[in-house]
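Taking it in order: structure first as structure tokens, then the write-up.
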Amino acid sequence: MDFMSPKFSLTDVEYPAWCQDDEVPITMQEIREIFVELMDKFGFQKSSMENMYQHLMGQLDSRASRTGAQNALVSLHVSYIGGEHANYRKWYFAAQLDLDEEIGFQNMRLHGKARQRNVKMAKKRGVSIKEQIKQWNEKEQEFINNHPKITLTQEQLEDQTNLKSADYKWKLKMKKLTPENMIRQLALYLLCWGEANQVRFAPECLCFIFKCALDYDISTSSSEKTVKSPEYSYLNDVITPLYEFLRGQVYKKDAKGNWKRREKDHKNIIGYDDINQLFWYPEGFERIILNNGERLVDKPLEERYLYFKDVAWSKVFYKTYRETRSWKHCFTNFNRFWIIHFAPFWFFTTFNSPTLYTKNYIQLLNNQPTPQVRLSVIAFGGTIACLVQILATVFEWGFVPREWPGAQHLSSRMIGLLFCLAINLGPSVYVLGFFEWDVHSKSAYIVSIVQLIIAFLTTFFFAVRPLGGLFRPYLNKDKKHRRYISSQTFTASFPKLTGRSKWFSYGLWVFVYLAKYIESYFFLTLSLRDPIRVLSIMDLSRCQGEYLLGPILCKWQAKITLVLMLLSDLGLFFLDTYLWYIICNCIFSIVLSFSLGTSILTPWKNVYSRLPKRIYSKILATSEMDVKFKAKILISQVWNAIVISMYREHLLSIEHLQRLLFQQVDSLMGDTRTLKSPTFFVAQDDSTFKSMEFFPSNSEAKRRISFFAQSLATPISEPVPVDCMPTFTVLVPHYSEKILLGLKEIIREESPKSKITVLEYLKHLHPTEWECFVKDTKLLSMEKSFLKEAESSHDEDRLEIPDALYDPRSSPLSDHTESRKLPTEDDLIKEKINDLPFSYFGFNSSEPSYTLRTRIWASLRTQTLYRTLSGFMNYSKAIKLLYRIENPSLVSLYRGNNEALENDLENMASRKFRMVVAMQRYAKFNKDEVEATELLLRAYPNMFISYLLEELEQNESEKTYYSCLTNGYAEFDEESGLRKPIFKIRLSGNPILGDGKSDNQNHSIIFYRGEYIQVIDANQDNYLEECLKIRSVLSEFEELELNPTIPYIPGIEYEEEPPPIAIVGSREYIFSENIGVLGDIAAGKEQTFGTLFARTLAEIGGKLHYGHPDFLNGIFMTTRGGLSKAQRGLHLNEDIYAGMNAICRGGKIKHSDYYQCGKGRDLGFGSILNFTTKIGAGMGEQLLSREYYYLGTQLPMDRFLSFFYAHPGFHLNNLFISFSVQLFFVLLLNLGALNHEIIACFYDKDAPITNLETPVGCYNIQPALHWVSIFVLSIFIVFFIAFAPLLIQEVLEKGIWRAASRFLHHLLSMAPLFEVFVCQVYSNSLLMDLTFGGAKYISTGRGFAITRLDFFTLYSRFVNISIYSGFQVFFMLLFAIISMWQPALLWFWITVISMCFAPFIFNPHQFAFMDFFIDYKTFIHWLFSGNTKYQKESWANFVKSSRSRFTGYKSKTVDDISEDSGHDSKKARFWNVFFAELFLPFCVFLFNFTAFSFINAQTGVSDSTPTSAVFRLLLVTFLPIFLNSIVLFLLFWVSLFVVPGLSYCCKDAGAVIAFIAHTFSVLVYLLDFELMWFLQGWNFTRTLILLITCINMHLILFKVFTTIFLTREYKNNKAHLAWWNGKWYNTGMGWSIILQPIREYFVKIMESSYFAADFFLGHFLLFIQTPIILLPFIDYWHTMVLFWMNPRSIIAHKRILTRKQRALRSRIVSKYFSLYFVMLGVLLFMLIAPFFAGDFVSSPQELLEGTLFEGIFQPNNQNNNDTGPNAPSTILTTTPTLPTFRTVA
């Protein structure tokens, strides 16, 4: 590309604000010469130079347009280099570069090993560091003395963090800069940045490169000799070595020369942040060594740049923060969260549980503990707070390497914490250890009071103070050495809240915690008081126990139940905080909404009647108009443009358009024409107009106009003239998202399992818009046909007819209706027949122009890139419209030359707005994608496309990568079929090192223009009326009025500048709402998060950046690391890191409530949960990140809570819900077992505690059972609070009626089931990520979810996530209901149904009769396939991939097809797996076992012998495993010696062997279940607890074996196939073939058990659905509920099948219908038979009486009533005397 050609030269037209300024400080030509000179000197690429030249000129022009050229240059230099908020200046002082220039890093007293090396090198040079520092101090003092404007006190002189003198020197240096110098510095920085590639993610590293380059440039500028470097020198010498180091951390080359990912977790990867943080401290610079061992700091400043190519980067970098995959991060980062929950919970609970610490408590007396014991025990809460802080500090030691200079000093903090622990714990030792608990001591009482006060103070202090500045802020420490300025600057420069925001923040959290503590105390803690009392004193010594264990375990059953109850209550204590946060946040958001006027419930705003005036005052900048017009004329142009745009989008019919337009009508005098306003503005406030319809019912047009009017009633910044507005860019990342729907995609079913086409579904969703579209198309068709007829007959009269077609307000052919004959019936029928293609497809001709219209219509109503770009290109239309309206002299200037006028408008739009689509794959697009892209480029030629180009250079094996830019005006390359690049910038290598999106944004960011960037996803939309507000939105950055004073005058105390606005967020309208329950739920959540919560969070400083429609300050963000972060996995939710980075570095984030964009959301069950999984896993990665560490340990208390509950708190809350429910069910097992085996007392809640409980010897368990109802109510509220924000948002936005309607729709559509399931997915994805890692980008479906998914697909996708645990909950719930019936437990059936059946309930057409049985066939096939050849969709593959999470994969491959399944599982660390997958399941098993042992302990049965419950459990657990192992052992030899021979005649011999093994396992487990009944004496309750315990024992055994003993998996499935077919010889495994069969043997033993479980579970899920599929018309009702479709629409769209297809389906259904019901009958019989078996074998134990196995049976129907007359004599029946306390000093 020839940049010197006139075609690409920059002219005055392109940058008029700069070029036409009379006082321009430097001309464009001079600027260009500077760029060229720098390019030659440093070896920058020519293409990059041209790009950066245009970039700088665009920014200069943007600022000059509103402030003048001189001020524009200075302000830009201030923003990039020299200003108070410029990142370069901050870094320069933070990293002590000023001292490097004056004394040199090599002569400074550094820390750690850097100090030793400095001393050693100083000795070599023969200088003294001490002497050097002394000389510098003398020079510094001399400088201060010579400049009287520097006024420093003695304290400031000693304080080296005081930068007054350094600032003075800096300003002195800046003041000396000429405009040429400023441009040179800006140009050099931009050129360095423009080719920095991945180094752009390390802003301080880039600053260092720029600093070295600047020093070199300054030193060589004065020399007469011209310094030149070859092109690509900068890239090859400076950037590529750094890139190669970064790439080498994540990838390595395999034997074939391909780059493969390393199996390293984040803590072992030196990432972008680690590299960047090296450049924060002098100690980091000192580490930079060259290949010859010399240090870079020992080289002169002006020569350092030349040595970059010799730096040994691999020896320089190290980890500055360890992202260890551990829950410990949560303890350190959120220590205050734990303190404000653990300590108050302890205070509340211990105060209300005196029985736990009362010596010799007797219920008949209800004697109380001594006061000092009570106070001391309560005061232990302070000790808990200390322990939390100590643990947080210990864990911090592991995260932050001590060698990093920014690491906090933890030793002194630990000493302080140990002291706090001592003063909190010491009194308890004195009070509880030195005195008996029934002795009253005055001294101990005083000590306990003081201890309690100290505990409260300690808890409050630790709760409020950030961990990073616990006893004294570490950032202010060590002032004499400027040590921690970098940490302050880059991690803790949080913008302060002021005024309303500050009090809002304080108020919110005071209200939340006040309400929380009051509610928790009275509702949670007081309800626990009685259960604690009854369980803590319950004596279970009358249980017989177990043969092996005796009564040891059963005696403690009440205490075990109490511990579980306390833990469950603690879970609720955490949960209800989030509940109150939601409630208070909603209330505060309502208050904000009313104060801003954004609510529909603010009638005083006169939204519609004042709309014209508001358009005039808030949309138009009329103050500087050159010609004054009546306001009405200007308003009409804006309003008509808006409604006509809606008409063109087919949102309005011609009739509606006529009612909404401003129209010219004849005046009463008749000689002039006047402008008539539409009655619409008056109608909304006047009841007489209510009958008039201005919009179609429930139309998109009405919603848009309504929001537009509402938004203009809110406070909006006054717009500046168009030519003064800042330039901005819209950036749209695109990978493989749909660009434009193809014809086949919209008129054919998505798959054979869809029953409706996309077009039909769209017609159902948008009936009015389709009608308008069809009318429009018919008019166009008629017009073309008239033209054709006219051309063929040359009849001029006929040519007049189409003229009417061009006027949308006239009816077609209206003048000819009278002359035509009335149509006959045949004519009408013929006309209807001719109209059929229009109504069905939108066209009646296969011409591309017609089909394209239908494709575009459909694409504009789905989530396509075409919709996004057509929406956001409205900015261009809006700018042109506003410019033309506000500059009426333009029209007269061009005097009817519309083309010239249009060119002028186009130039203005191009100056102020640029659209960049980051089409990463553009060069690899297929034919359809290229065609769609070309269509876009022709429609919007000003749209730019950035993309990656790969070229294989001659004689080189490595590909060369280029970052390219093109647009619709670029030349067409006939060879590739693509546009030729305008810019082609070589990269160091493949830029996609991370998850993709961040890297794509990063390589494209160099092509942005202007000052601001709006980041958009490829599934959004925008509207003309919203684009008209762009000037007001950009003014939110508070940079429109630039300060004309030059900030570089030394000695002047400038006013403190407010923090820069980094991000301006905006609202989202989710256009995928109201199209089915799932789409509406997803839309509602996104809407509330993006609007309701964002409004409050922005006000209280808790809002971050969530991508989507936010506007970013281009200079602020690009000089601080870019738009997002990009380390693979760690930065999966990449956008939020930009927000955290901005907050940490002093940027402010705002929210604009008056501007909104459209946004699409996932619509199907699977795609929504894919998104949920991505977000949950991404949060797991965020918890490990250093940003969370900085925010969690340094934010003030109120800001910390805002950050926590808005981000990690939401996900941890889901985890707490999941854990609380699981813990509660384990409690129910133990409480149910207790209730089942004891004789309960008669309970009267109003009776005094001291009354004798009857019958004598009974157990008072009713308070504990009552507490269960309270727990269930709490969980119910916590679940349903998820609907509150959406409900409130709907009330505010659309009114009470619409809100109630939407909420009712959700309830009737079973939305609560979906909410429960989503909660489970969130918690599972978070837990799994922190256990196994492997978070990755999951592409979510953006199409309509109208396709039925197979049962096995849903089963395999969700069984590990929810269905397995759902069935465990089902069994536990069933046990709880039959052992301790409570009506409240019925709520949990919703949980069970959701966890087990939600995937099937929300599957389209799940209950279609024939499809259901065809599904059964595919499920059976899935179970038994994959054993003779590799099948991706098979149970064998599913179970292997599930296992690989624990084992990981071997790196060895044999080029087998089975290795292409995306195996990227890393082997998880043992200690990560230990907690989540071993310890927690073991705890569940342990508590299951306590319930199991107690229910078999024969409590209250006299003269009985303990049974062998443990042996019984071991028998039913190991018997099927043992039998399976024998069968597998025998089948192995059969497969080894028999199957290879049989395979020649019977290809499926291996499958037969697998079938035998798996079928045998199913039968064995079926018999094992019957054996459980038999051994438990046909008692269903006891059998159920044995089954539950057996399942958990299986789980823990298999997980332990898999984790500890199993080696890694091969990526191929050769070993699996060889096990069944015996062909081990061709597996390609080498010598490992010897031991592989042994490994496979143990794997197959476990797989046999897993197979049986999946077989039974799958069938159970299907059998439960049987009654539903037999209901008449169930498919229609189900579809109506899911998609909110009209029943008529459902019936109208039946899939048409051929006769052959119908016959095949019938055969399959008849065959598998029979199999299905046979299986159902067998399993039902095996389940029901044991209920009646007791009638035939009533006492199984008699069969083995007198033998060794006699105790293996559990007796049934025993008399366990040992109360009343049978009660032991040891039980108190009379009230004893009250013991008196002994009093001592």
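Glycine is treated like the rest: Cβ placed from N, Cα and C.
Listed in Swiss-Prot:
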- 337-357: transmembrane segment (TRANSMEM)
- 415-435: transmembrane segment (TRANSMEM)
- 508-528: transmembrane segment (TRANSMEM)
- 547-567: transmembrane segment (TRANSMEM)
- 572-592: transmembrane segment (TRANSMEM)
- 791-824: region 'Disordered' (REGION)
- 791-801: compositional bias 'Basic and acidic residues' (COMPBIAS)
- 815-824: compositional bias 'Basic and acidic residues' (COMPBIAS)
- N844: N-linked glycosylation site (CARBOHYD)
- N874: N-linked glycosylation site (CARBOHYD)
- N955: N-linked glycosylation site (CARBOHYD)
- N1002: N-linked glycosylation site (CARBOHYD)
- N1170: N-linked glycosylation site (CARBOHYD)
- 1215-1235: transmembrane segment (TRANSMEM)
- 1268-1288: transmembrane segment (TRANSMEM)
- N1360: N-linked glycosylation site (CARBOHYD)
- 1370-1390: transmembrane segment (TRANSMEM)
- 1514-1534: transmembrane segment (TRANSMEM)
- N1579: N-linked glycosylation site (CARBOHYD)
- 1585-1605: transmembrane segment (TRANSMEM)
- 1655-1675: transmembrane segment (TRANSMEM)
- 1713-1733: transmembrane segment (TRANSMEM)
- N1761: N-linked glycosylation site (CARBOHYD)
Positions whose Cβ lies under 8 angstroms from the transmembrane segment (508-528), at least six residues beyond its ends:
340, 344-345, 348-349, 352-353, 565-566, 569, 572-573, 576-577, 580-581, 583-585, 588, 1096, 1100, 1197-1198, 1201-1202, 1266-1267, 1270, 1274
Just how many other Cβ atoms lie inside 10 Å of the Cβ on N1360 (N-linked glycosylation site)?
15
Other parts of the chain folded back onto the transmembrane segment (1585-1605), taken as Cβ under 8 Å at six or more residues beyond its ends:
1229, 1233, 1368, 1371-1372, 1375, 1443, 1446-1447, 1470, 1473-1474, 1477-1478, 1481-1482, 1484-1485, 1488-1489, 1491-1492, 1495, 1512-1513, 1516-1517, 1569, 1572, 1575-1576, 1642, 1646, 1649-1650
Nearest by CA distance to N1360 (N-linked glycosylation site): which of the glycosylation sites is it, out of N844, N1002, N1761?
N1002
Residues sitting near the transmembrane segment (415-435): Cβ under 8 Å, six or more positions beyond its termini, same chain?
372-373, 376-377, 379-380, 382-383, 385-387, 389-390, 393, 441, 444, 447-448, 450-451, 454-455, 458, 470-471, 1784
Given a Cβ distance threshold of under 8 angstroms, which distant residues of the chain, six or more beyond its ends, lie next to the transmembrane segment (547-567)?
349, 528, 531-532, 535-536, 538, 540-541, 1223, 1226-1227, 1230-1231, 1233-1234, 1264, 1267, 1487, 1490, 1493-1494, 1497, 1499, 1506-1511, 1751
For N1360 (N-linked glycosylation site), what is the secondary structure state per DSSP, taken as helix, strand or coil?
helix
Round to a whole number and give the Cα-to-Cα distance in Å for the pair N1002 (N-linked glycosylation site) and N1170 (N-linked glycosylation site).
25
Taking each of N874, N1579, N1761 in turn, which of these glycosylation sites have a Cα lying within 10 angstroms of the Cα of N1170 (N-linked glycosylation site)?
none
For N1579 (N-linked glycosylation site), which residues in the same chain are close in space, meaning a Cβ under 8 Å from its Cβ, but six or more apart along the sequence?
Q1754, N1756
Distance between N874 (N-linked glycosylation site) and N1761 (N-linked glycosylation site) at the Cα atoms, whole Å?
82
To the nearest whole angstrom, what is the C-alpha distance linking N844 (N-linked glycosylation site) and N1761 (N-linked glycosylation site)?
86
Counting Cβ neighbours within 10 Å across all chains shown, tell me which of the glycosylation sites N844, N874, N1002, N1170, N1761 comes out on top.
N1002
